[in-house]
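As annotated by TrEMBL, transmembrane segment applies to A:34-58, A:64-87, A:108-133, A:145-168, A:180-198, A:218-236, A:257-278, A:290-322, A:334-357, A:363-385, A:406-427, A:439-460.
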Amino acid sequence: MSAAAEPAVLAGEDATLSELPLLRRERIWGFWDYSSVNIGLAIATWAFLQGGAVAYYVGAKQAIASIVIGYGISVLLVSLAPCLPCGRYGVEQFVSMRSVLGERGARVLMVVMSAVLAAAWSAVLAIMCGHALANVTNQLLDTRISAGAGVVSVLALLALCSSWVIVARGPRSIELVNRFVAPGLVVVTLVMLALVFTKTSWSELVATPALSPWGDGHLDFMLAIELNIAGGFAWWPNVGNLARLTRTTRSAFWPNAIGLFLASVVAAIVGVFAALALGSEDPTLWMVPLGGVLLGVLALAFVGMANITSVVAQSYAALVAIKGGGGASVRRVPWGLLAALILAPAAVLVFFPTAVYDNYARFVSWGAIAVAPLCAVQIVDFFVLRRQVLDVRALHTPYADSRYGFLRGWNPIAVVAIALGALTYALLLNPVTYEPSGWFRYLTASLPAFAVAGLVHYALTRLVLAWRTDWGGYR
Amino acid sequence: MDDEMRAELERRLVLIEDAGGAEAALPPLPLTDLAAAVTALAVLTIALLWWVL
């Protein structure tokens, strides 16, 4: 063995926290390790929100079908990309995107994705925490705090401050989620399922109508499927850097079926049942009616805390991405200050609790507008155009000298493909009003957006390669 | 990227680019795995649609 193969990383440096490509010996997760991390992430409080949102459109049986089909499709696609490129080569997720979008394109994507999604998810979870704590106060102190009250915003802000304190202290958050909060949420989920069936029977549950359907059964079912496809795509920004830590490509692929798919499906279905049985889509209103005051308050307090750890996990992932790929100037910003900057937009959003919390479906839809085409372009690029082969050196070479340089660090073809995919989505499902067009009832919105983006990327890249063979390092 | 980081990156790239070495890229996912996942999802989808529609 050569001298070059001796120590794994620089002294005091953890390669998993930087954009350096990982060596095989640094991959720490096998099949069950990655599965448990996946389950911990999947059974977070947003699974209850997802279930509550689905119950808005469909009853129990259609909800089960739409959740399984919707999550099944998008989790399979997300498992292909970014999981497999990152898992196979050990490269950081947004570094792997340099072969698709170019160095500058991938950097902009990373900052936008990390900042916008971290802000939006953090705001939703912090407001949910505020709701949970307000409901605890209502039960214990006999107060009458409403969902849109200023107190909820203040409690949500406190949740964000608590999250910042934890994030600023270092990277132990995901471990905490997996060791303590995730098993606790599994217990809460199973207890909720049991309590639902003490309140109602299966036949009553199946007969219970959706909370607020459009009234067209087929359209409502397709809206529910779309909501769940979008929910699965929401994992795209997080999973690549987790799959990067796996020891085999099978370990990078299959655990997603156990965690992101199976665990999310179970939690969302329990959420649907609770929402239908209690007539409310807000998970923080389910606990006390289901478990009584004592059990309900304990569950609410636990869910409130679980939301803080989810904010921590979300912010931490965004911080690592920005710190690793944001360039030298970003690397010089102190960790605590960067954490505060990441959480600052969420601190503004929590002062509009009703607007943010009550528009969960629209919010998930906005994510899918970008991620469905992005995922398509990455899958076509990696599997079809590059035949699963990446040049790791070129990924880490400045664009002026890299075969992935494209046009001054941008791949205009991928950008156009993603834009056309997003346009397709918006034409089929209005992201502002959440009003579907005529074709939506047959196609959904995410799947046509995925197809259009993938086809455009393939066709335009082939066209350009016909007269410029050195384009993008495809040959 | 500072000199130390650049040297570490170079060291890693040399190891990863050694196709027969212990640190080379992992092999691709077997096609049978992908086929199994797609088939399972298709069967599950058809069964659930038959159940609810």
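Counting starts with 1 at the first residue shown.
Backbone N, Cα and C define each Cβ position, glycine as well.
Those TrEMBL annotations? Automatic predictions, nothing curated.
When Cβ-Cβ distances under 8 Å to the transmembrane segment (A:439-460) are tallied for each of A:64-87, A:218-236, A:257-278, the top count falls to A:218-236. In this chain, the transmembrane segment (A:34-58) lies apart from the transmembrane segment (A:145-168): fewer than three C-beta pairs between them fall below 8 angstroms, excluding pairs fewer than 6 positions apart. Contact counts against the transmembrane segment (A:257-278), taken as Cβ pairs under 8 Å, peak for A:64-87 among the stretches A:64-87, A:108-133, A:290-322, A:334-357, A:406-427. Contact counts against the transmembrane segment (A:64-87), taken as Cβ pairs under 8 Å, peak for A:218-236 among the stretches A:108-133, A:145-168, A:218-236, A:334-357, A:363-385. Against the transmembrane segment (A:290-322), the recorded stretches A:108-133, A:145-168, A:218-236, A:334-357, A:363-385 differ in Cβ pairs under 8 Å, and the greatest number is found for A:108-133. The transmembrane segment (A:218-236) shares more Cβ pairs under 8 Å with A:363-385 than with any other stretch in the list A:145-168, A:334-357, A:363-385, A:406-427. Same-chain residues lying 6+ beyond the ends of the transmembrane segment (A:363-385) with a Cβ under 8 Å from its Cβ atoms: 50, 53, 74, 77-78, 80-82, 84-85, 97, 99-100, 109, 113, 117, 120, 124, 226-227, 229-231, 233-234, 236-237, 356, 414, 417-422, 424-426, 429, 431, 434, 445-447, 449-454, 457-458, 461, 474. Packing against the transmembrane segment (A:334-357) from elsewhere in the chain are residues 114-115, 118-120, 122-124, 126-128, 130-131, 147-148, 152-153, 156-157, 160, 163-164, 167-168, 170, 282, 311, 315, 318-319, 322-323, 363: each is 6 or more residues past its ends and has a CB under 8 Å from a CB in it. Sequence-distant neighbours of the transmembrane segment (A:145-168) (same chain, 6+ residues past either end, Cβ-Cβ under 8 Å): 122-123, 125-127, 129-131, 133-135, 137-138, 282, 304, 307-309, 311-312, 315-316, 319, 335-336, 339-340, 343, 346-347, 350-351, 353-354, 357.
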